[in-house]
Amino acid sequence: MIDRKLLLQDFDKVALSLKKRNHAMGDELERLREVITHYKKQLIELEGLQAFQNKVSKEFGIKMAQKVDTSDLKKELENNKIKLNELSKSVGELEQQIDLKLSIIPNLVDEKTPLGASEEDNIEIKKILTPRVFTFKPKEHFELAQQNGWIDFESGVKLAKSRFSVIRGFGAKIYRALIHLMLDFNEKNGFEIIYTPALVNEKMLFGTGQLPKFKEDVFKIENENLYLIPTAEVTLTNLYNDTIIGVENLPIKMTAHTPCFRSEAGSAGKDTRGMIRQHQFDKVELVAITHSKESDAMQEHMLESASEILKALELPHRFVQLCSADLGFSASNTIDIEVWLPGQNCYREISSVSNTRDFQARRAKIRFKENQKNQLAHTLNGSSLAVGRTMVALMENHQQEDGSIHIPKALEKYL
């Protein structure tokens, strides 16, 4: 959540950030401006009534001590108190309206984030490893998976519905091996391995920004205040919800393997075949909580950590700086890692490493204490990596002409 003080003091800065995101709030934004104007006016009036109450109360005390008639002052105090209570209630209601609007306003766009109107304006930063030149037409992963008997898409539909799959046989061993490899690499880079619940309450999803705005994107348990997590970002970040951390304990670096669940609202017709876009998928996540001065360096560290895994698996990939219009709700700056898929003849996202600055920390009340003063921390998150998409990339990049898959040396010891 952005700072309410910033909204009150520099409304135009917030409006400009929304414009950079190509985020249309239109009349809603103007109504918010009107509410803020009304709130400021009432706040000044409230402060005046409070000052008057304090002044008259002092006079009342002096006259009482002097045993002078105070009946007029008493009546004045009582009348003013009624006005004070009514206005205080009105100001409180306006604050609630502002905070409700604040909860659905996305993060401010970072100065480093380039302006853009769509994902077409994202900027390639660098490429790592050169894509292989095939002497045959490479197949897509779902063809290879079915040929090798590794992924059963029909059973996924039978057990649940479309966008679910069953991984079996040697494919399941590769899937498990990838998870272990990812966790080992992340641990080597200083991230603590943590296993968390796959269900969280509403407060946790508010903390990381999924609620209230993206309610349609998550699965809710019927008759329970519980939701299936869309990412371990939710659980890892919220381990420190409403917590004050000693500055000496920063940075906090965590990694977790979890199943993730997403409704994929708005994705009809996209990636309908294969494992690219599933309702349930596994992901190994990185989350960091840092001092406000250290989050930029941490973002670079997290990117390199994820890239290290792809290099070990001999998978060509690139870093892509997202433009302002392609940023996620909570992100101030995001760099994607896209892996090369020869079967599709394109790069596809396999990780997004985002710096949310103090946006999530303000929502979740994650603070650190330095020099006896509490400050908002910065939080970062990123995949390291999406397991299914890594398996997709492994199959497509290391396929042989007969449909068999070469296993990279780094993965051999996990099989």
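Each residue, glycine too, has its Cβ placed from N, Cα and C.
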| Recorded L-serine site member, picked from Glu187, Glu192, Glu285, Glu338, that accompanies Thr231, Ala232, Glu233, Ser383 in Swiss-Prot | Glu285
| task | Work out how many Å separate Ile350 (ATP binding site) and Ser383 (L-serine binding site) at their Cα atoms, rounded off. | result | 7
| request: Return one of helix, strand or coil for Glu233 (L-serine binding site), based on DSSP. | output: helix
| query | Which whole-number value in Å describes the distance between the Cα atoms of Ala232 (L-serine binding site) and Arg262 (ATP binding site)? | reply | 12
| request: May I ask you to report the DSSP-based helix, strand or coil state of Ser383 (L-serine binding site)? | output: strand
| Residues near Ser383 (L-serine binding site) in space but at least six apart in sequence (CB under 8 A) | Thr231, Lys283, Val284, Glu285, Leu286, Ala306, Ile350, Ser351, Ser352, Val353
| task | Take the Cβ of Ile350 (ATP binding site) and count every other Cβ within 10 Å, whichever protein chain it belongs to. | result | 26
